[in-house]
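Trainee: After the structure tokens below, expect a handful of questions from me.
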Amino acid sequence: MPSRQPSRTGRPSTGLRSAIPHTKIPLTGRATTDLAGLQRMRTSSEPGRPKTAAPFSIAELEKVCEERSRLVSELTTQNCSLTLEMDNMKTQLNAKTMLHESACQEVARLTADGERMKREAEERESSLKAQLVTQDQKVRTLLNDVVDLRGKIRVAVRLRPFVKGEDAGESLSHIGFPDRRSISVNNGSKPTAYQFQHVFCQASQEYVFDEFKELIESVISGYNVAIIAYGQTGSGKTYTMRGGEGDQRGLIPRAVEFMFLTRNNLKSMDWTYEYAASFLEVYNDDVFDLLRNERTKLKVVLGTGRVDIPDLKTVALQSPDDLHELMLLADKNRSTAATKMNETSSRSHAVFTLRVTATNAISSEAFTSSLSLVDLAGSERAKESEVSGPRFTEMTHINKALSNLQNVIRCQLRKEAHVPYRNSKLTMLLQECLGKGNSKTLMLVNLRPSFANLTETKRSLDFAANTSQTVIGAPLKNESSQ
């Protein structure tokens, strides 16, 4: 067997060298670059030899392998790091996914809870609203009971202040006010004292209205209410009822404003109110429509317990501003004239009526009611007023109508079987609030402050005293089911 010849380098010619060409070592990156460099160095370092690739030495291969191992280790480390980072990201993603799912579940739960709470709140609101309606009905019933206990025909007295042309420096020693409900007059002999529900000594328009607000509120509860301004000519009846602008507004505009304010407040309890107004005058015992420019006598039809005027104009009110236009028209059409006692004396009795229609969507309660605000013409004496001709005729009709009104009150006071409502157009129109119908009635007696008018003042107070004792029957609430 031939022996192996050592190579020139002293290395075996077979074995590892012969195995090298058959060994495939994948080299990448820096290792590949180093191997190529070694090959070039070996080819160029041996002069005289053909430029062919020289075989690698063991050391060179080991160096390459070490480099490759190092690179593999680095890549493995990087791969592990990336794998770990990816696992962390997956963990975070899973956590965020779970958190998102939990949040979605919480949102769904909260949404369901919110819808449930909303339903419960709506049901409770509906229940509370029904309870509020019931309580409101009880309160209004108690309020009306209190008002009724104060008298069937309520009476109040208002003394106006001195006005231009009167002796503003005159003392009021002839009229006394012991308390809020009392008034006394002294003509030089024995003082006479009177007591009423209200006594106003030069009170403001607002104060007077506030005292009557609870009575007017009865209209909103379904009762008919009438307030009648009575008194000597020039005593402030028209001012009390009509008034002026701003703070000088009288009962009519203030009452309508209050009715609209109350209507708005009661909307939350499902109340619906509709208002319609009419305005007429009784002039020389004939009835005329103050909301029409045509001067046509109106026919008064008497029914059972009520009065109807078929051709009387009724205007729906959508706001208090609508009333202002009607008042201007009524002022223009109302009969007035100058007398010695009053520069703008009303020569007619004026009746403003606000009709109310109300319904409740919850309780199905419904009713109609009315508020009548009456500005009577003032009583006169021919000698004092110095009137003649048409003014004298007007005075005669005015005094006759007022006399018939006093007679009706007197008959009611005496509880007579027959009450002469039909003796004048005025008492015919007012019969529903003077005992024949169903009404809460207030007689507001107006007085002049001067000593010269003391006799007429005492007559007015005597009439007021009789009226305060008059029983016209307990008022009944107007109601009907829808």
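Even glycines carry a Cβ here, placed using N, Cα and C.
Below are the features I grabbed from TrEMBL:
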{"type": "BINDING", "residues": "G231, Q232, T233, G234, S235, G236, K237, T238", "note": "ATP binding site"}
{"type": "COMPBIAS", "residues": "1-16", "note": "compositional bias 'Polar residues'"}
{"type": "DOMAIN", "residues": "152-470", "note": "domain 'Kinesin motor'"}
{"type": "REGION", "residues": "1-21", "note": "region 'Disordered'"}
Trainee: Within 10 Å of its Cβ, which one of these binding-site residues (T233, S235, T238) has the largest number of other Cβ atoms?
Mentor: S235
Trainee: According to DSSP, does Q232 (ATP binding site) sit in a helix, a strand, or coil?
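Mentor: DSSP assigns Q232 (ATP binding site) to strand.
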Trainee: Please give me the CB contact count at 10 A for K237 (ATP binding site), counting all chains in the structure.
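Mentor: Other Cβ atoms found within 10 Å: 27.
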Trainee: Quick one, of the binding-site residues G231, G234, G236, which Cβ has the fewest other Cβ within 10 Å?
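Mentor: It is G236 that, of the binding-site residues G231, G234, G236, has the fewest other Cβ atoms within 10 Å.
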